[in-house]
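Features of the protein shown, as given by TrEMBL:
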ACT_SITE  D:R90  active site
ACT_SITE  D:E93  active site
ACT_SITE  D:S116  active site
DOMAIN    D:77-149  domain 'Cyanate lyase C-terminal'
Protein chains: 10
Amino acid sequence: MISSREDVTKMILAAKVSKGLKWRQVAEALGLSKEWTTAACLGQMTFDKAQAEAVGDLFGLSDEAVAWLQIVPHKGSLPSAVPTDPLIYRWYEIVNVYGSTLKELIHEEFGDGIMSAIDFSMDIQREEDPKGDRVNVVLSGKFLPYKSY
Amino acid sequence: MISSREDVTKMILAAKVSKGLKWRQVAEALGLSKEWTTAACLGQMTFDKAQAEAVGDLFGLSDEAVAWLQIVPHKGSLPSAVPTDPLIYRWYEIVNVYGSTLKELIHEEFGDGIMSAIDFSMDIQREEDPKGDRVNVVLSGKFLPYKSY
Amino acid sequence: MISSREDVTKMILAAKVSKGLKWRQVAEALGLSKEWTTAACLGQMTFDKAQAEAVGDLFGLSDEAVAWLQIVPHKGSLPSAVPTDPLIYRWYEIVNVYGSTLKELIHEEFGDGIMSAIDFSMDIQREEDPKGDRVNVVLSGKFLPYKSY
Amino acid sequence: MISSREDVTKMILAAKVSKGLKWRQVAEALGLSKEWTTAACLGQMTFDKAQAEAVGDLFGLSDEAVAWLQIVPHKGSLPSAVPTDPLIYRWYEIVNVYGSTLKELIHEEFGDGIMSAIDFSMDIQREEDPKGDRVNVVLSGKFLPYKSY
Amino acid sequence: MISSREDVTKMILAAKVSKGLKWRQVAEALGLSKEWTTAACLGQMTFDKAQAEAVGDLFGLSDEAVAWLQIVPHKGSLPSAVPTDPLIYRWYEIVNVYGSTLKELIHEEFGDGIMSAIDFSMDIQREEDPKGDRVNVVLSGKFLPYKSY
Amino acid sequence: MISSREDVTKMILAAKVSKGLKWRQVAEALGLSKEWTTAACLGQMTFDKAQAEAVGDLFGLSDEAVAWLQIVPHKGSLPSAVPTDPLIYRWYEIVNVYGSTLKELIHEEFGDGIMSAIDFSMDIQREEDPKGDRVNVVLSGKFLPYKSY
Amino acid sequence: MISSREDVTKMILAAKVSKGLKWRQVAEALGLSKEWTTAACLGQMTFDKAQAEAVGDLFGLSDEAVAWLQIVPHKGSLPSAVPTDPLIYRWYEIVNVYGSTLKELIHEEFGDGIMSAIDFSMDIQREEDPKGDRVNVVLSGKFLPYKSY
Amino acid sequence: MISSREDVTKMILAAKVSKGLKWRQVAEALGLSKEWTTAACLGQMTFDKAQAEAVGDLFGLSDEAVAWLQIVPHKGSLPSAVPTDPLIYRWYEIVNVYGSTLKELIHEEFGDGIMSAIDFSMDIQREEDPKGDRVNVVLSGKFLPYKSY
Amino acid sequence: MISSREDVTKMILAAKVSKGLKWRQVAEALGLSKEWTTAACLGQMTFDKAQAEAVGDLFGLSDEAVAWLQIVPHKGSLPSAVPTDPLIYRWYEIVNVYGSTLKELIHEEFGDGIMSAIDFSMDIQREEDPKGDRVNVVLSGKFLPYKSY
Amino acid sequence: MISSREDVTKMILAAKVSKGLKWRQVAEALGLSKEWTTAACLGQMTFDKAQAEAVGDLFGLSDEAVAWLQIVPHKGSLPSAVPTDPLIYRWYEIVNVYGSTLKELIHEEFGDGIMSAIDFSMDIQREEDPKGDRVNVVLSGKFLPYKSY
């Protein structure tokens, strides 16, 4: 019995290792970005029927698991409020060190409101650099203003 | 008596409101990016002597305050482990929802290691869009590999 | 020296008690809803210049305080992650008991996405009832869908 | 052996996915609102005998599971004090940003007391809007006054 | 400037020590129970005008402080989620050890619902006992049932 | 293998539902109060041999489980520091709102010390009331004074 | 205005340093143990009138401060749930490492109940030892049994 | 497969109940104090080979379990930072109420440093007393001074 | 099915005990330092293919487990934010007591920046000492400066 | 009135900035290591009389402040359990990632026990390196074994 999307995420992770698949290959098979595809396979986004079946084929999942991939998941991919993994922590640190800067500059440019994390996309690229390659991440979110009423 | 950089940050914030300054203007006066300048004024980066004096002139700070601007601050700009301000929270949510995706894709591309939050820069831009303007943020950090020894 | 919006909120609260003002009166003076007006006076929303000056007149605030009312505040009105005040706690309890229900029913009706807390309004009304009057609160938020990319 | 209501909730969630049921259909079968029905299926409310048997038939539950549906559950549907799921977090954010406003306005209208979360009902509706459909939620709770004694 | 009810509570506590008053005397002066009176003086309940003025006379408070006594306070009298004071901790321990028992027995007698903490009164009495006097506390709260809708 | 008292509590809860037993019946069978009996069955008190065997007969427990009922348990019946279940939370709220009152009045009557939570008993009664029945709970604990030495 | 016992504790600590007093001397002046005296001066115990006046003379306190020494304090001398000071942490570690041992052995000897922290005394002694002197601490608390009722 | 010392602790606890063993008997069989023996059986200390085999014989453990008894365990016997069990909590309370006293008096006698929790022993004794027997616990730890360098 | 690196860590720990292996032997077999090897076996570093197969041979792991050893793990080896194990806690204490010193002295020598925990190595040695042997640990990390941009 | 060592630490930090002193200079004036001297000035160690007076001269402190420097401080230099400053966090991360490795290797070499954080010294050095200079930190602590008794 599968009673949560997390059970399916574990199946995908196990199958990915044993089959030696890359997220890039999964994304190509779906015709979607590697960022959205990975997030969805990790239980943070919802697949439609065709996508779920394609994912099920790639990872060899049961029909029940494929049905769960089409259910909106309970999101949140970190096991603790402050992440312990060094790669993920660096992102938390960026929010900690630059959070007030992001707030000041977005408000200075747009006024009161937020940058959406829903109407949002992310693109991760390698930039070659003789002093050491760089990870470049572009985050794009719609600005949503607070309005008085 | 000023006994921490936070005291100076409060002075800067108070002067900024009473003088009606923009971060953009401060950055132009220093000849630096608005992102780094704002972070530094908010107590997250260290000014050199010339920068500190220019900041002191703009905000009307005492010599003692200008001296503190050149001291490496105790960093961390958020008052709680999970931010409550909606704009900053959305960034925490991005780390929460996409953190495992960032981890998987950076490792898939670069192997084990992290994206540096120190050898790092940030650029915030407005993208005009008829469906609502977007906030585009480019984060660039050097990849630092773990090595066996 | 005023160095945060919270300082102004305290001034407003003190003046409100000593002058015996009602939030309803403040809202009428501004020509806005009592819900938005109260939230703004409590440091959760941003006033424009005319609104800030009207608020300053009503509460007898200094020019410096009026300037701060036009600065986007650091939002979050609760002193602890789990509220201790019984009235506010009941709302936290509603989120705790009905949170999964809200999630299931909004997803069943709209698919994956959220109800916005930014493009959002609230209306509080008394409903007379012989068994004891009721508080009726209408919350209205735009649905924002997650999209694949 | 079933030793908690949570075990039954998991069975219901698993059966719902494999049978492709909608909460709306379950509510219609019971002749109750979709809000109360969903909350009850998710382990937050108590079914009477007839309701429990109807739920058991719909989801194909054992007699033991049906007996548990009639036991008052240990309520609380969120796995952490601050929710991580974006949809549920937005509600927590509403309590955080508007909590003090709710407190002020309910006290201004009713005096000291609370809006009950027990003598309470909730109604979720879609409002069509050309700028994007809205989620409208009406919360209705009896006002309970504190009295001196 | 008084900007919160806590400021007034501190004034009352300081005056109580310097004047050597007893809570019992305050309650008698108000014609109310010692339990409600003490809770109100400690910032957990709201005085009406006549009560507030009587309290102001007893403790020698300013008009501004008397006005604050009539404002509904932000309740919660403990500085931490788990109390450290031994007397108060014992009550937390009773909730911890007997909480599930209270839940089971109230549900067995009344069905699903709660014992109100708002329509509630408390009475503290000394019971003489040769083996050591006992503290007897009677808590009385209205039962509020959950109802389906 | 049973390795903790909690395992036995789960067996009792499962048997209670499948057999349709009431705590009141268990208490009568043991000749003890329903309050102590329920607390003991829920793993908060220790049974003697005769009591444990009677409980084992009622719930159909193995000899190993009956042996565990005679072991002093690790007490504490709540899964989180701040309870989420509404019924239990109301008790935590009483401690939060009235905790300082209990402290002041017990000290005013008895001096420095505590009300024991060990030499303690509890009695829960229904009081009929035309405005809605009430839950009356009497808590009785020996006063234990601090002494100088 | 003194509004809490902590204010008086700070006065005592400041006077102790400037006057160069030892706790041992304070205890001798009061004719009580150094353990109880120190705890009382640090705001954990209540002085009677004669003791409070003697303490006031030794430390040069005002009459208002002396009055506060006779008020039962809000106990708890540590600023965080897990202590950070190494000396105090070692005691927390002893509870962490040996807590289950204390529980098992006290129950094996006495049955279900606790060792009182109220009817309690403590004695700290230096034991000379050629391998390094030892701190010996004797803790003595009355055993309080749980009883069925 | 046994993958942690905690698994062995559970086996010991289960065997202790089913065999009706006392810690005192285990200690006698090993020729060690009951305090160290109990702590070691509860997974806080490391057995040598002979001790582990003796423990294995007493509790009927497998060779694999006996091997684990000789592995240094991950120490810490409490499931939460603030203990909920009343007996263990009283010890935490002693550290909370008397922690600052212990710190002051040990520093007054020995200077800066700590009482070791490693070079440490504990002895628990029953003291008969007509007013109720007492638990006497002697803790002895080497004083370790901080030194400048 | 293995769905996380932690599952493999448990297999390694179980095999290490049953086979009586030393980390030193594992390191020698791999031709790497004992520090890196142990961290990697405990799930904190990533093995390459040859290393993973050698580890698999030593511990008798399945092919699936060997595949997981080559996956970048979710790092973080402590079960709680503040460690409870005395050996590990001492390191946390060093960070707590000396953290501000490390910060001051590294900034005094190098300016603003950090000591890398990624481009990092560790070496643990025993230093014989007649007063008791010492643990000497050398930590070496590249200095990474913050730069303005 | 100075009522805690933290007040003196703030005075030292303020004086250090306004006088432009280096920790290295303070250490030389005292004839002690820069590591111990800095820790002591930051309120983590205790000065003797001569050291305190020298520190007082360098920083221009009052006699009262100099007296406080000779009082054993309440140690712990971090404002939160998980540090937010990136330099200090990296050390916390080292404990998190390598903590279990330190535990395994120290136990493998020395048996059960700890590396002392009291009988402890630290030495920080710059190592020049063409690929970027390195921070080398040597930590030396006496091994303290657990012994059975």
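Keep in mind that glycine also has a Cβ here, set from the backbone N, Cα and C atoms.
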Quick one: among the active-site residues D:R90, D:S116, which has the most Cβ atoms sitting within 10 Å of its own Cβ?
D:R90
Count the Cβ atoms, other than its own, that fall within 10 Å of the Cβ of D:E93 (active site), considering every protein chain shown.
23
Pop the Cα-Cα gap between D:S116 (active site) and D:E93 (active site) into the table, whole Å please.
20
May I ask for the distance between D:S116 (active site) and D:R90 (active site), taken between their Cα atoms and rounded to an integer number of Å?
21
Tally the residues of the domain 'Cyanate lyase C-terminal' (D:77-149) by DSSP class, grouping H, G and I as helix, E and B as strand, and everything else as coil.
25 helix, 27 strand, 21 coil
Checking D:R90, D:E93, D:S116 - which of these active-site residues have a CB within less than 8 A of a chain B CB?
D:E93
Could you tell me the mean pLDDT over the domain 'Cyanate lyase C-terminal' (D:77-149), as a whole number?
96
